[in-house]
């Protein structure tokens, strides 16, 4: 896809404590590489990737491909940047929430991050995918998979164990998040929840596009 040749521009936000591997995960997704020497993110950074999204119909058939320009925003996890980070919550449509499988405190802080999202995101029930990162460091694991899955089930969100080092489940986690977002847009009658930054390449907002489609149900917020 060339510049501007897409159907939707969608922003995702990666968040979690400092050092959980947000930058490395996004870099692995966009570039297919692992860099162990990344310095701690200061403020906000982002990466981009073009993908084609195809929804499965109720009969199992694959729908028309939607060309998606993903902006993947990388946030600082340090407390001193928290006010800057939360300012970006409302403009994002989906959230990749990471913790470090070798750091129990980063897992315990997941509840705090979800509380922040419930307060500052576009609605109280935003689309979130939880990722336990650094699954390749099994001998250093401090968080049991059962614990993480139980927490994810409590909040009704998907859970993946990922590795930026070898790429395990990173594409699957982001594709799951995109699928949740696209399905939410399809079923919403009230389009006011959609952040203004979600635009079509022809200059129309996603709200303009969706208002032309058949209304299928209420928004899940």
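From the backbone N, Cα and C atoms, a Cβ is placed for every residue, glycine too.
What Swiss-Prot records for 16-24, 74-78, 133-136, 163-165 is GTP binding site, and it gives similarity to another entry as the kind of evidence. Around the Cβ of residue 16 (GTP binding site), a 10 Å sphere holds 25 further Cβ atoms from the protein chains shown.
According to Swiss-Prot, the disulfide bond annotation covers 123-188, on the basis of similarity to another entry. Following the DSSP three-state reduction, the secondary structure of residue 188 (disulfide bond) is coil.
Sequence annotations record features per position, and here Swiss-Prot assigns S-geranylgeranyl cysteine to 219 (among others).
Annotation comment: Swiss-Prot describes 221 (among others) as S-geranylgeranyl cysteine, evidence class similarity to another entry.
Annotation comment: Swiss-Prot describes 2 as N-acetylserine, evidence class similarity to another entry.
Feature annotation from Swiss-Prot assigns phosphoserine to 2; the stated evidence is similarity to another entry.
For 221, the entry in Swiss-Prot reads cysteine methyl ester.
Here Swiss-Prot flags 38-46 as motif 'Effector region'.
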